[in-house]
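Participant: Structure below; questions to follow.
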Amino acid sequence: MQAEPKKSQAEQRAVAEPVSEPVSLVGEEYEVEVGPVAHGGHCIARTSEGQVLFVRHTLPGERVVARVTEGEEGARFLRADAVEILDPSKDRIEAPCPFAGPGRCGGCDWQHAKPGAQRRLKGEVVAEQLQRLAGLTPEEAGWDGTVMPAEGDKLPAGQVPSWRTRVQFAVDADGRAGLRRHRSHEIEPIDHCMIAAEGVSELGIERRDWPGMATVEAIAATGSQDRQVILTPRPGARLPIVELDRPVSVMRVGEKDGGVHRVHGRPFVRERADDRTYRVGSGGFWQVHPKAADTLVTAVMQGLLPRKGDMALDLYCGVGLFAGALADRVGDQGAVLGIESGKRAVEDARHNLAAFDRVRIEQGKVESVLPRTGIDEVDLIVLDPPRAGAGRKTVQHLSTLGARRIAYVACDPAALARDLGYFQDGGYRVRTLRVFDLFPMTAHVECVAILEPAAKGL
């Protein structure tokens, strides 16, 4: 019988001395001076021991009592809520929403800040990400630092724009609809969401019981009266009879396949943008703010300045919003190729743009499909990637196609900044950057960066 190897002294100590569990700091309170805003809807502070705190429900320059919500001794950082404001900022207001605040609804980040201050804070986040990840100052990115509100959203302090045309309500064990608390599966029951668009509020989702449902998503299309509800049942649950305050089509998420299936009514809604109607299938992507699609199309087309006869790419094209705008502008002698990974979105894009012989829509991942097309030269590129961004490999490929201008649409300034750095490595420079507040009361923004070959800017 072979003898076991002798344990080292360190191994013997590890057996003799069981490893202690990290000590949770949840619930601990610290009086702190609040520093700058950070990406994600919180501000940075430090404990007296120097540990970093990411604090929600506060503003830069305030002195607050911060209660830890996540983290342990020795962790790189802690998460916390400001539960007492000792020295308030001049930008602080009382949150208009009765469901906002520490431990409450997680749908909004800046209910406690004046609207102008919200936009200023978002601008500071974008500027910090540009500098840190792309090495660009606002001036070098062609941006004046302004975060522009959507048309109609510039309201006095205390008033909240009702902008969210898609709201997914979570349902608790008692069948009550609400919204999830921040970074939690716990549900805050509500009777009204202030940022929900009028068409969503009119349905009365929050005023009904939803037994057996996990989520209820409400959609109110822009430019049509289409209303839709998507139900996600809990395992084994039966669908309730849907009786709402307005006519709706009803879909359900399949328990086995996760697909969205028709119960009754149209399996899509009709959205309107750039003087065109777009069919968007159940579960498909469309901008949530009613002014967002037109705002972004205008910004992209003003930046690209398409010409008759141009060859253009629309990458991550969804249901064809930018491809349609490009097709109108490049004319019969031009061509547009859209690439989208979602099967249903591709079907919708082909339907929406069927009148254009010059538009082709391909299904698949951009990094896989684009090399297979054999395209080695284009005039214009639009890319509107998911939150994670396009990534180094895709940006490197796009940088070889000789595009006269590139429009990058992004909902995450960190991913945008990383990819702008890759474009710079590939010989492009940022000509202009525009930042839009299309998600009021939240930490999110939408950016449109226009790039051109660096040699052109010399």
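For all residues, glycine too, the Cβ spot is worked out from N, Cα and C.
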Participant: Suppose a student reads Swiss-Prot and sees Cys97, Cys105, Cys108 listed for [4Fe-4S] cluster. Which of Cys193, Cys317 should they find annotated at that same site?
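Facilitator: Candidate in the recorded [4Fe-4S] cluster site: Cys193.
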Participant: Based on Swiss-Prot, name the residue from Tyr316, Tyr422 that is recorded for the same S-adenosyl-L-methionine site as Gln287, Glu340, Asp384.
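Facilitator: Checking Tyr316, Tyr422 against Swiss-Prot: the S-adenosyl-L-methionine site match is Tyr316.
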Participant: According to Swiss-Prot, which of these ranges is region 'Disordered': 1-20, 221-240, 261-280, 361-380?
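Facilitator: Spelled out, Swiss-Prot records region 'Disordered' over residues 1-20, not the other listed ranges.
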Participant: Report the residues of the chain - excluding Gln287, Tyr316, Glu340, Asp384 - with C-beta within 8 Å of the mean position of the site's C-beta atoms, for the recorded S-adenosyl-L-methionine site, in sequence order.
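Facilitator: So the extra residues in range turn out to be Phe285, Cys317, Gly318, Leu321, Phe322, Pro385, Val409.
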Participant: In angstrom units, rounded to an integer, how far apart are the Cα atoms of Glu340 (S-adenosyl-L-methionine binding site) and Cys105 ([4Fe-4S] cluster binding site)?
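Facilitator: Cys105 ([4Fe-4S] cluster binding site) has its Cα 34 Å from the Cα of Glu340 (S-adenosyl-L-methionine binding site).
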Participant: Going by DSSP, is Cys105 ([4Fe-4S] cluster binding site) part of a helix, a strand, or coil?
Facilitator: strand
Participant: Going by Cα-Cα distance, pick out whichever of the recorded positions Cys105, Cys193, Cys411 is nearest to Asp384 (S-adenosyl-L-methionine binding site).
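Facilitator: When the Cα distances are compared, Cys411 comes out closest.
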Participant: Note the Cβ centroid of Cys97, Cys105, Cys108, Cys193, the recorded [4Fe-4S] cluster site, then list each other residue of that chain whose Cβ lies within 8 Å of it, in sequence.
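Facilitator: Nearby residues not in the site list: Phe99, Ala100, Gly107, Gln111, Leu179, Ile190, Met194, Ile195, Met441.
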Participant: Return the residues near Tyr316 (S-adenosyl-L-methionine binding site), defined as same-chain residues 6+ apart in sequence whose C-beta is under 8 angstroms from its C-beta, sorted by sequence, else 'none'.
Facilitator: Ile339, Glu340, Ser341, Val366, Leu383, Asp384, Pro385, Pro386, Ala390
Participant: Cys105 ([4Fe-4S] cluster binding site) has how many other Cβ neighbours within 10 Å of its own Cβ?
Facilitator: 21
